[in-house]
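What Swiss-Prot annotates here:
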type: BINDING; residues: N18, L20, G45, E66, D91, N113; note: S-adenosyl-L-methionine binding site
Amino acid sequence: MNNRVHQGHLARKRFGQNFLNDQFVIDSIVSAINPQKGQAMVEIGPGLAALTEPVGERLDQLTVIELDRDLAARLQTHPFLGPKLTIYQQDAMTMNFGELAEKMGQPLRVFGNLPYNISTPLMFHLFSYTDAIADMHFMLQKEVVNRLVAGPNSKAYGRLSVMAQYYCQVIPVLEVPPSAFTPPPKVDSAVVRLVPHSTMPYPVKEIRVLSRITTEAFNQRRKTIRNSLGNLFSVEVLTELGIDPAMRAENISVAQYCLMANWLSDNLPTKES
């Protein structure tokens, strides 16, 4: 039998589909999410409803976002979930989560087994809506979770680490082996909880400036910041900010990146924006 077929559905590579089928793992994830009636629960990529069913059983209403037309149609006719579901058959990357939270009347609790081929850009999309999100629980490639939680001075630490930790508290929940899926992915997976900060620990004046600095620094991560960010900061300014110009991108903390971003926001008129 084709191991890409699960419950009569052929997993589609272009959608990054791997279907969760390990009941212990499913129960552990649902327990971590702890869905409650009355909450604005939103699932991204419900697939064959491995998480949708146990979460939906606890709720009166559940919103799901599913790109695959066939899977969305299956959910509409689901024997007991159908009436509870609000289904958006679209790419989550095009979803306005702010408008959705407004429509639902409260911050969203977002969860899902994210397609690994779009997980990083989707995370950045969601970060732009953290004002509208209470928390997020995602199954991701373990390597991505390692990057989300990484601190300075580690190989896994990068732009995703800085931006995720700027917006959220990042908490690893559990690791999941390939055998928990059909078809088994070639990588280990992990579940992570992201809780947007109620008060930003290191507020920045302009998020686009923080984004620019981290992009430029980590695109040249082997260079010292004297060189990688030399077009934005002089050695004197870095020293004044208490940042060693001989450090590399991976040595700089989230707080220091935010400090640099705020200095640059205040001094952008003298530099190109």
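Cβ from N, Cα, C; glycine included.
Scoring each of the binding-site residues (N18, D91) by how many neighbouring Cβ atoms lie within 10 Å, the top position goes to N18. Of all Cβ atoms in the shown protein chains, 25 besides its own fall within 10 Å of the Cβ of N113 (S-adenosyl-L-methionine binding site).
Residues within less than 8 Å, Cβ to Cβ, of L20 (S-adenosyl-L-methionine binding site) and separated from it by at least 6 positions along the same chain comprise I26, G47, A50, L51, N113, M139, A180, F181. Our reading of the S-adenosyl-L-methionine binding annotation (N18, L20, G45, E66, D91, N113) yields a largest Cα to Cα distance of 20 angstrom.
Around the Cβ of G45 (S-adenosyl-L-methionine binding site), the number of neighbouring Cβ atoms within 10 Å comes to 25.
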